[in-house]
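Below: the structure, in structure tokens.
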Amino acid sequence: MSNTTVEQFAAELKRPVEDLLKQLKEAGVSKNSGSDSLTLDDKQLLNAYLTKKNGSNGGTISIRRTKTEVSTVDGVKVETRKRGRTVNIPSAEELAAQVKAAQTQAAPVQPEQTAEDAVKARAEAAARAEARAKAEAEAAKLKAAKAGNKAKPAAQKPTEAKAETAPVAAETKPAEPKEKAVKPKHERNGKGKDAKKPAKPAAPAVPQPVVSAEEQAQRDEEARRAAALRAHQEALLKEKQERQARREAMKQQAEQQAKAAQEAKTGRQRPAKPAEKPQAAAPAVENKPVNPAKAKKEDRRNRDDEGQGRNAKGKGAKGGRDRNNARNGGDERVRGGKKGKKLKLEPNQHAFQAPTEPVVHEVLVPETITVADLAHKMAVKGVEMVKALMKKGMMVTINQSIDQDTALIVVKKLGHIGKPAAADDPEAFLGEGAEAEEAEALPRPPVVTVMGHVDHGKTSLLDYIRRAKVVQGEAGGITQHIGAYHVKTPRGVITFLDTPGHEAFTAMRARGAKATDIVILVVAADDGVMPQTIEAIAHAKAAGVPIVVAVNKIDKDTANPERIRQELTQHEVIPDDWGGTVQFIDVSAKKGTNIDALLEAVLLEAEVLELTAPVDAPAKGIIVEARLDKGRGAVATLLVQNGTLKKGDMLLAGTAFGKIRAMVDENGKSITEAGPSIPVEILGLSDVPNAGEDAMVLADEKKAREIALFRQGKYRDVRLAKQQAAKLENMFNNMGETQAQSLSVIIKADVQGSYEALAGSLKKLSADEVKVNVLHSGVGGITESDVNLAIASGAFIIGFNVRADASSRKLAENENVEIRYYNIIYDAIDDVKAAMSGMLSPEKKEQVTGTVEIRQVISVSKVGNIAGCMVTDGVVKRDSHIRLIRNNVVIHTGELASLKRYKDDVKEVRMGFECGLMLKGYNEIMEGDQLECFDIVEVARTL
């Protein structure tokens, strides 16, 4: 082994011969061909050269060594690679130090030794080390042959190993130290230990290998880690076995308790069976070392046997089952069927099981619920539900909705507990959707509502803006039925909301929908502030919306813009030139004066508001207008407020729902989506929604249908109440819809019976609009704490046969708290009743005074249409309210602007006389129309 050829060494290193010759020449070893022999010194020189060239610090080199065996099976060569191991190769410096130490042990160097003797001694030591390595390899081979297949040696002969990654064959060095690696699992259990022991030297003269202190410490550390890992695995296995034993014991205990309770109930009490399984499982918890891999394998095998019945394999499977059956007392039964499973019974256990009690469910019943959903909540079949309802006289299907009362009766009849659930609130459902899908808020166009008196030029202003900015040059303008449109300006887009009257605007505010961002208040410069103007200001302030005042008709000679500013200042609308915050723009809708300045002011207000809305989210909006089209069905104008509305979305609007089949913009063009503040016409709803209804997109069609049906049932009573309110004698039935006022009272009496009787009598006075709230009642005099409670709650104090002390009276006088003293209970009840009556709103009744028939319509320029009429019934007064009726349909409700007989203004005209009259703010009258005159009378109400 000491002399090998270059070609053999290159094959061992798996490198070309030319590269090896080149490296040998660079290392100072002169070799010319592959047949030249290599000595041990040549290899050491090559190793030292390559170590320096590769930048190594001269430390130990680790090489992964594998053993490859080639065998011939049926004429085919088969290459088998066995498990590799890591060999630590010392550097040249370490090797030289080991050789020197070996020389020192073999023969101490004499002081007078010459240089030639030292060289000879080193050569002899190297030869002895090589001979010792050969002897160790031969001894290991002999022991491996004796051990046979029981334990394979983990350390292979150095001559049979091949280095995979190292460029040099350092494994042929004479003094190779024994590596210390982590042992395999079978070696940890004591197998193959003899193979790991180094062979004894063949000749006693050969010295033992030298092991450095650092390497010995490394070996000890690895041994300590292996022992710690082994102990940790054993502890985990022991803990697992203990946990499994405890689980089995608890399971047995629970089964025994259940069995004892069942026997006690049926009257056949038996002694409880002692717990045997925990004792049987006790040996598994013995403190003995267990191989983790073997334990895991056995545990997996046991689980497979328990889960799939693998113990019954082989010829003796049947006998094994019979033996197990006999061990269990013979109580093993086979279920019917092709794959009949064994029903294992405990000893002395009967196959008959007592019937369990029926499970009682607590069912939450909403306002409306389908038969199938109710059956699912009670865990019964739908057929049983339909049968129970048919016995009640209701012929329903499984998909039909039933009301809450009926559902509660059926739930109780079937033996379950029914409780009314909270109503499904669509707003709460919408809030959940918004929380689940939060989108980034982006700037959106402002929504502007134009308000004001009809005669002040509101319609003309909208027409001019529409004609000038929206469809310039298009014939016919925009679609006339839509109530909203947007205008593009150089500074941005503005969406105008054109709702007839104030009903939709008020409905939006009542529902809390912020549909309008800015209000343009139109006031005629020649007319001044009218009652409807004041009403519009109140609406805008209630909504917290900024106002931009457009003073119209400044082109008239009688225009006085300064008077408009003064009148609006009285209603807290102060111009910005006067130190206020409201912009005033003088415009002319007829000539188009300052229209651009008005739009500029609106965009300035919108910029201050910083209006934003999420775009990538389900759409929410408000219904501006809705109608029933003959060819297209229900058509609704929707103003999108948040999100993006897309074609095909499931929309819910009030009691109507449906998938959007088509979307049309204000120009009549078909579109597929609309973003925030964009109005669209939509088709596909199941019914015509009301103006002002909130609309939202839901992902679930079932949820949309459920909410729509719930709203239909909820609003049914409201619609009936509205129909009853049309009758004069049933006006009181509509009182409960308004928010009730509260009268807070604190009662102090001399005895307990007095304040209990007084509190009970006062609570009976509560009505739909006014309720009595007894905050506190007690026995004794009136104290400062009672007065402080009255101050905080705004209540007044009733003292029944008691008085207040001096400090309480002084505090009540300073804080304006009313204290009333009574000795008779009826006086207290009458005073509280009178106070509650004063809190009631007066009752308003319409009293019809006369009927007028229009027989002629006269059009006068700059004045309007004048109606020539005949009073057919009653009397017509100048200050009467009128109702215009055409074909038995009410067209308009308003007031009279003037009433004349011939050319004289009169206060009233009686039946049988002719008269001429004009309607205030309305000119669309025709011959044959009828006017119904009525007065509104307020009547004080009492309890």
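Including glycine, each Cβ sits where the backbone N, Cα and C put it.
In Swiss-Prot, the region 'G4' annotation falls on 552-555 of the listed ranges 12-15, 444-447, 552-555, 712-715. Of the given residue ranges 477-481, 737-741, 777-781, 782-786, Swiss-Prot assigns the label region 'G2' to 477-481. When Swiss-Prot is compared with the stretches 66-69, 498-501, 878-881, the one noted as region 'G3' is 498-501. Remark: LYS458 (GTP binding site) has VAL450, MET451, GLY452, VAL522 as non-local neighbours, by Cβ distance under 8 Å and separation of at least 6 in sequence. Just so you know, the Cβ of ILE554 (GTP binding site) picks up 21 other Cβ atoms within 10 Å once every protein chain is counted. On its own chain, ASP455 (GTP binding site) has ALA524, ASP527, GLY921 as residues at least 6 apart in sequence with a Cβ closer than 8 Å to its own Cβ. Averaged over the region 'G4' (552-555), the predicted model reaches a pLDDT of 87. Look at ILE554 (GTP binding site): DSSP puts it in coil.
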